[in-house]
Structures are given as structure tokens and as C-alpha cells.
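Following: one structure in C-alpha cells, then a few remarks.
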Amino acid sequence: MVDNLEPLPASLQNLVEQDSLKWIFVGGKGGVGKTTCSSSLAVQLAKVRESVLIISTDPAHNISDAFDQKFTKVPTKVNGFDNLFAMEIDPNAGLNELPEEYFEGENEALRVSKGVMQEMINALPGIDEAMSYAEVMKLVKGMNFSVVVFDTAPTGHTLRLIAFPQVVEKGLGKLLRLKMKVAPLLTQFVSMLGMADVNVDTLSQKLDDMLRVITQVNEQFKNPDQTTFVCVCIAEFFSLYETERLIQELTKCGIDVHNIIVNQLLFLNNSHSSCKMCASRYKIQEKYLDQIADLYEDFHVTKLPLLEKEVRGPDSIKAFSENLMTPYDPKAKSKE
């Protein structure tokens, strides 16, 4: 038996080269650089995939700042790329976040169904946020992107995002079981309002379609060949604690996770020799890097540097993204 296993490659190359992946989530504690990492990963994926979509589910919507380009709730091509698209959604907005075109149709039924659906799901606690994810997933799946990268909100929101397929399946299951009782009442109601051309079956069909898609997404989320999670942290106690909690929750949910990014690391060089704060900071981070190495010996642990300037704009992200594929070497950088 071998006591000392070789550490896994310290990069995200394993994810970029895994052609079967459809959904990649990037998350962690607030302020650790999730958006920079998710944007950089999307840039690397765009080199080898036919089409890539990065979705921000963080209400702060930092990917617009990262790429220095305004994004909306509709997939928009990122400047400087032919096959990289980005969109931003606010899960707290529920179904109101969706493009109005989604609910338009030839008759009044589709337009009415948005309001009716919103009222119905409001009666089910906790499902509104999940339904907004569900509708976005339905739209995204219809666009057939090769891979989708999620730039998620801080940990609590992330766990709800991961769990949304189960929540929606359960909630929609209840609605569909009640639809035979509800449909006649809705038909009478819309008739009283003088909307005789409204077909309540349209609403029922929408729920059926959504449940079918979400069931499929739920199966894909729990398939390590199609879905994985990348945890981003910094070498500090609270961030490491949050990362461990996140990994435990992901494991409970059946979500694959075998990549960790440790961001904002200080790499000492000759210019730091007289800096007491730098030396102290370096000592602290080495302590937590040792803990990470012990805790996650079966993970790919990628170490990224703390830079003098912020990473902003397509060119900066392209340059920074190379650190995801090849371990950062401060000596090589100092020679450039």
C-alpha cells in the first residue's frame, strides 16, 4: 500500500478537458473572487467548446463589471468572443425576471398565465426563487449551449440554487395533482372577466413542460459526468470553514465537487523582504494552505495570486485565466 499519494494536478484543466460537463457551478463565501474565477473558467472553456454561457445568479451582478460590459436577463455575446455569452438573473425577482416574450402567444392565455402562475406558486412557501431558476433552466436548455457556468451568490443562495430542482419537482407535483380541481374554477373565473378565449389547459401544459425539463435537470445535476461544483476560497479561517460546510452540503445533495480554488495568495519575492505585514500574511496563509492540503488531498487545489491591479475587462480576464490551466509561477512572472 502506498502511504504518500501524488497530489492531483493543481489546475482546472480536468474540468476544461471533460467534454461531458454541461453545468459548472462556481461558489463560495462573499469577497473571495468567485466572479473573476468563474469568468476566467468560462474564457478557457470557450477555447475548446462550441458555445459557452456564463450566468450570474448573484444580485450584485459582478460579471458586468468583470467584463466591463452591461449584461441583462437575455444571453448576450461577450465582447471579443464569438462563442461566449453572458446573462444575469435575480432569483429574488421570481418569474418577473423572465423576458416578457416568454409569456407572449397568439391568444390571451399565455399572457394571463404568467400572473396566474405567479399567484399559484406564491401559495407554496420557498418555491418562488426555485421557480425563477426553473424557468431560466428551461430557457437555457432550449438554447443548446455546450456548457453553462454559474457565477453564484454567497453560500446560502448557492445551496438553494443547487436544491431548486427538488423543490420545484415537489411543488409542481402538488399543483399538477390539484389541476383537475383548479381548472374548472379558473375557467369560471376567466369567463366572469369576459375572457372566453382563454384556455386554462395552456397553464397546465406549461406546468407539465416545466416539470419534465426540471426532472431532467435534476437527474443531470446529480450526474458527475454532467455537473460539478468549483469551490472558491481564500487562505483564512472563516473562508476555509465556509468551504468545508459547502462541500458537506454539496455531498449531501449528491453534487460532484473535486476542485477548489484558493484565491488572492501572496507569493513572496525579494521586494517583500522588508515588509513585516507581508511576512506575517504569508505565514498565516501557509498555515491554512497546509490545512487545505490535509483536508482535500483528493481534490484539485488551484492556487491563484493576489494581484496589484484588479482583473477587469476581456483582455485582463484572458490573461488571468491562464493561471487556471498552468500553476502560477511568481519567478516566471517577475522575468516578464
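A Cβ is built for glycine as well, from the same backbone N, Cα and C atoms used for every other residue.
ATP binding, as stated in Swiss-Prot, involves LYS29, GLY30, GLY31, VAL32, GLY33, LYS34, THR35, THR36, GLU236; the candidate among ASN14, ASN218, ASN259, ASN263 given for that site is ASN263. It is GLY33 that, of the binding-site residues GLY31, GLY33, has its Cβ surrounded by the most other Cβ atoms within 10 Å. Within 10 Å of the Cβ of CYS278 (Zn(2+) binding site) there are 15 other Cβ atoms, across all protein chains. In space, ASP58 is the closest of the recorded positions ASP58, CYS275, CYS278 to LYS29 (ATP binding site), judged by Cα positions. Nearest Cα neighbour of GLY31 (ATP binding site) among the listed recorded positions (ASP58, CYS275, CYS278): ASP58.
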